[in-house]
Amino acid sequence: LDVSEMKDENGSLWTVTTFNTSLKMSTYLTAFVICDFDYVTRIEQGNEIRIWARKEAVKNGYVDYALNITGPIFSFLEDLLNVSYPLPKTDLVALPDFGVGGMENWGLITFHESSLMYLPSDKFTSRKALIALIVSHELGHQACDVESYLFIFCLFKWFGNLVTMKWWNNLWLNEGLTSYFEYLGAAFVEPMLSLDKIFYDHVVQPVLREDIDTGVRSLSESEDKIKGSFSLMSLFDSITYNKGASITWMLSGFLTEKLFIRALTSYLKEFSFSNANQDDLWTHIQMVIDAQDEVQLPASVKQIMDSWTCQKGFPVLTLNLTTGRITQEQFLNKNENSSDSYNNTWIIPISWMRNGSSQPLMWLDKSSKVFPEMRLSESEYDWILLNVNLSGYYRVNYDQLNLKRLAHLLDNDPKAIPAVSRFQLIDDLFALTHFGYIQIETALELTKYLAKEDELFIWNVVLLNLVPENMESTLRNYEVYPLLKKYLLKRMLPIYHYYAGFIRQNVDALEDDYFAQVYLEKLFATACWLGLQDCLNLSSELYAEWMDNPEYKIPFLIRRTVCCYGVAVGSDKEWNFAWEMYNRSDSTKEDKDILLSAMSCAQESWLLYRYLQYGLSDTLFSSNCTSIMILYVVTKDIGHRIAWEFVTENW
């Protein structure tokens, strides 16, 4: 508001800054930033937006992208929720050192600078997607204190700042709702991104894998359970963020987005500048449901949603499509001999399709129920798919008859099943295998079609389930390696050659392919690991081109794989070049990380031993590199014994 000067009693001159009186707000949203930064600014619907960062970063245009999307996301949220942003300004500050991706302080949102900066020279959209999601998330908090993808994440704080949860046991009202809306905001500013696929891949699927562990909590706990700072901090986890977002996605789906937004607007307006709990949200949704007759629910909103937020875990639906019976039970690890018995029942919305046609939404509100309309006929072309596009937070265990028909369909016309549903079908089957519900052969039947699969995010979930994490070691995987080589390679060839063509001829054409940017490396690393000669040749060619011209840039999408296998199929000449590049003064931290790993890929024992010896030198490496280098070597087939001998000799 005002800056003045004042002398104290000792005659020292002080600068006094006077601020406007804040709105009524939660104290945890207060922030001050003292810095020597510069900023860029714009006005959006009367609201001044400024992005602050180090002066050279602002001068080089690194925060221009963040500025360009912040205003549109704000406007999108205001229009969507019909709630005006109550402050006259919004500052976003890029901090060089910050413990989290972003924090939604009201009107002064702070970020780690990596979450806010986009280099104009960076052609690829995965960085943009990250920034868009993080900003959108934190802006979303600016209305209802409703982070991972932090820029859109911070913009979406409509949930938490304007309306804050009454106590931390309902933290998901802040973070879960915001995590859902961040994807809507990102899709608005980056329509080229397949954000529905990204949501399933990055949010729903990972939390389904976690929400089964012994000791996992429910989304909403009772207040008396959440006391003390330790239990509070433990709430900032994937259950709060990802499960909260997944449940919100499901809720919006069965209500329709129109009714869901109408209820949220009512909720935000009633509880502005105050606190609420999840029952308050359920009340406002119920009011909207009661005022119309399009959407009919089998129970009250509170009964339906409490079954998802107050019970831990999630259900698996088991189908018998000869009779049409569907049974639900909690999805558990059947490989563990647990004495615990669970009788949890959820009220489950079932979206489904038959032979490619969407069917009316059904509800399973008891442990078992017969749906006559879901009985399969004798025709082999009659098939049923549940939980279409992963609209519900549960897994599906089909009977053998339907699985056989789905496998036949995938083999003949995979696109007859939506991409997200193919992703879900494969992930469900491998999860059912892993946790003792079905045999691995059942899951593999549904992967026979993969030569016709052109979606990288689906290939990634296949590789995630089939390829061991410690991929470098064939010794540890001596039983499965030859089987994977025989089974996977021939199915990988079409998608491998499709992308290899871009790598060789026009890699820039992939700049809008988000999944190529995040998953192509895994595909190529697997192909090389399985000994695909073209993959090894391509790595060798690109590495040789870099050696001939050190200014040449190996395609970023497969750089780690190329450097590793370039060294692996080469000799000391290739290794020495990696060492030389590692020590260049202009090498970035990321360059060094990739090259440090690549040098451990050498196939000659003496090179690995020299590499480990270098690791002991304080002048060549920082001390924290030594253990990393040993770990890199120990995972390699020829490195395992070398690393052990090295450690014992140099204990």
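Any Cβ shown, glycine's included, is placed from N, Cα and C.
Unlike curated records, TrEMBL annotations are generated automatically.
If you look up TrEMBL, you'll see 65-308 marked as domain 'Peptidase M1 membrane alanine aminopeptidase'.
Under the heading Zn(2+) binding site, TrEMBL lists HIS137, HIS141, GLU175. The Cβ of GLU175 (Zn(2+) binding site) has 31 other Cβ atoms within 10 Å, all protein chains considered.
Look at TrEMBL and you will find GLU138 tagged as active site, proton acceptor.
Here the Cβ of TYR241 (site 'Transition state stabilizer') has 25 other Cβ atoms within 10 Å, regardless of which shown protein chain they belong to. What TrEMBL records for TYR241 is site 'Transition state stabilizer'.
The domain 'ERAP1-like C-terminal' (383-651) scores a mean pLDDT of 92 in the predicted structure. Residues annotated as domain 'ERAP1-like C-terminal' in TrEMBL: 383-651.
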(request) Do me a favour and check the Cα-Cα span between GLU175 (Zn(2+) binding site) and TYR241 (site 'Transition state stabilizer'); whole Å is fine. (result) 5
